[in-house]
Amino acid sequence: MARVWNFSAGPSALPLEVLEQARDELTDWHGSGMSVMEMSHRGKDFGTIIDAAEADLRDLLDVPTNYKVLFLQGGATQLFSQIPLNLADSRSADYLVTGSWSKKAVEEAQRVAPIAGAVRVAGSTAAKGAVADGFTRFLRDEEISLDPQAAFLHVCTNETIYGVEVQDDCAHLAARAGAVPLVADMSSHILSRPVDVSRYGMIYAGAQKNIGPSGLVIAIVREDLLGRAVKTMPSTMDFAIAAENGSMLNTPPTFGIYVSGLVFQWLKRQGGVAAMEQINRRKAELLYGYIDGSNGFYRNPVDVPDRSRMNVPFTLQNSALDDVFLKEAQAAGLHALKGHKSVGGMRASIYNAMPLEGVQALVEFMQDFARRNG
Ligand code: PMP
């Protein structure tokens, strides 16, 4: 078997144990004589699977009982418009723009603004950072001006492309927002560290990084925010209808929910999100520590306190070496290190499923490459 160290930003590496379990159960799930893919979503067996997935996720994130857990489709991108359509209630909503994904969230919300409610940018780091188009740090307090009447305040807590992460679990932002519910896109760092769910009105995440296969989006929504959807809402997009139907108004992405459930069980075996945080911290310290100590051969442009533990973009001092770096890395079994096209350079995504050993292999390769090309 030839597995590579996969640094893809998403879809990304899954724990090998999970893949092996899914393989072993692929054609005959628990003696049912069929694959999870072949089961009715209304049957008892799939009921067991989705109920366990929800219970384990609630356990991992300590989700309070007044929050619904929804298994949705359409990617996090669909949620960008679904959220104002469900939560804005014809009022204006505040958005913080700190990278490509929060910017996209604004653009999608603007498309539905005529029926959902106005979109207001309450702070943006665009063009304020160290690189040309900005987005190399989170917002400073004085750069945020909140509307106390806003329907919600949207924030992307880990910007996957630029590698900017909110480090304090939004403690500060939630305190400032007061009664305005925080809505957080946690797609690229959910389950990588503990969160206080009660600080948020809603948390959502596309599955394909820290949860499971793409095609599934998980939303955790405070119950009192449900039931405000615009009247013309298609039923498949209405959070309240999803909640009333246990995420099964129609056929859900059953296999994705099943694999995500296996990931949740794997996370519990690792010691849960607090244990994951310790490992993720060590991985990030190792990689950033090496980059910062490389005498400028490698560089990460993000302000140190705002650096993401999940997505580590870096550039080579001599960008003419980019292609050879990527080619040699691939030959050394280190895959998908090419940076996003909007920032260039490299990016190592080191989600939960990437062990410390994989980051060590990357750092050793980077050291060797610098030695040979410095
Ligand atoms: N938000 C964030 C933070 C992301 O990283 C991504 C995908 N990389 C998205 C939203 C969009 O997700 P999807 O492709 O599932 O629509």
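Each Cβ is built from the backbone N, Cα and C atoms, and glycine gets one as well.
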Binding-site annotation, TrEMBL, pyridoxal 5'-phosphate: partner of Ala76, Thr77, Trp101, Asp185, Gln208, Asn250, Thr251 in Thr48, Thr136, Thr160: Thr160
Greatest C-beta neighbour count within 10 angstroms, which of the recorded positions Thr77, Gln208, Lys209, Asn250: Lys209
Integer Cα-Cα distance in angstrom, Thr251 (pyridoxal 5'-phosphate binding site) to Lys209 (N6-(pyridoxal phosphate)lysine): 23
Nonlocal residues around Arg42 (L-glutamate binding site), in sequence order (Cβ under 8 Å, 6 or more apart): Met248
Mean predicted confidence [pLDDT] for the domain 'Aminotransferase class V' (4-362): 96
Cα-nearest neighbour of Lys209 (N6-(pyridoxal phosphate)lysine) within the listed binding-site residues, Ala76, Thr77, Trp101, Asn250: Ala76
